[in-house]
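Some features that Swiss-Prot has for this protein:
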DOMAIN    8-130  domain 'MsrB'
BINDING   C47, C50, C96, C99  Zn(2+) binding site
ACT_SITE  C119  active site, nucleophile
Amino acid sequence: MDKLQKTLEEWKEMLDPAQYSVCRLKGTERPFSGKYNDTKTAGVYHCICCNEALFDSTTKFDSGCGWPSFYAPLEGSAVVEVRDVSHGMIRTEVVCARCDAHLGHVFPDGPPPTGLRYCINSVCLELVPRE
């Protein structure tokens, strides 16, 4: 996969303010506010910044946390996990492997088979429905 690199100004021009704030400045959308929180549509979730395929709807589950949750990313290297020590916490940030967009965080409290919960901001995603 080829890395996609742009300046912050270039990202700012192509993203709406909410997308830019979360994806490029590592913000977080308010819980239960995202368009994909309750979505049950079958398909593949892509990065809003670079269109890289990230998560399949078959791994999405209702965690009750207020953000779309998945128990695994797509096979391969769709996402990268990065140690995050911001806000006085130690967490694992999830970023797009292609463009380094901040997507959310992963926690060790998910369902089988992985036991992981990828807690992802809706604003970072674009769902491509299955036909």
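The chain as shown is numbered from 1 upward.
Yeah, the Cβs are placed from backbone N, Cα and C, and that goes for glycine too.
Residue environment of C47 (Zn(2+) binding site) contains 25 other Cβ atoms, counted within 10 Å of its Cβ in all protein chains. In the three-state DSSP scheme, C50 (Zn(2+) binding site) is classed as coil. Counting only the Cα atoms, the space from C96 (Zn(2+) binding site) to C119 (active site, nucleophile) is about 13 angstrom. In sequence order, L4, I48, C49, N51, E52, L54, A97, R98, D100, A101 are the residues of the same chain, not among C47, C50, C96, C99, whose CB sits within 8 A of the CB centroid for the Zn(2+) site. Non-local neighbourhood of the residue listed as 'active site, nucleophile': S63, C65, W67, P68, S69, G104, H105, V106, F107, each in the same chain, at least six residues away, with C-beta under 8 Å from its C-beta. Put plainly, the binding-site residues C50, C96, C99 were compared by Cβ crowding within 10 Å, and the winner is C96. Using DSSP to sort the residues of the domain 'MsrB' (8-130) gives these counts of helix, strand and coil: 23 helix, 40 strand, 60 coil.
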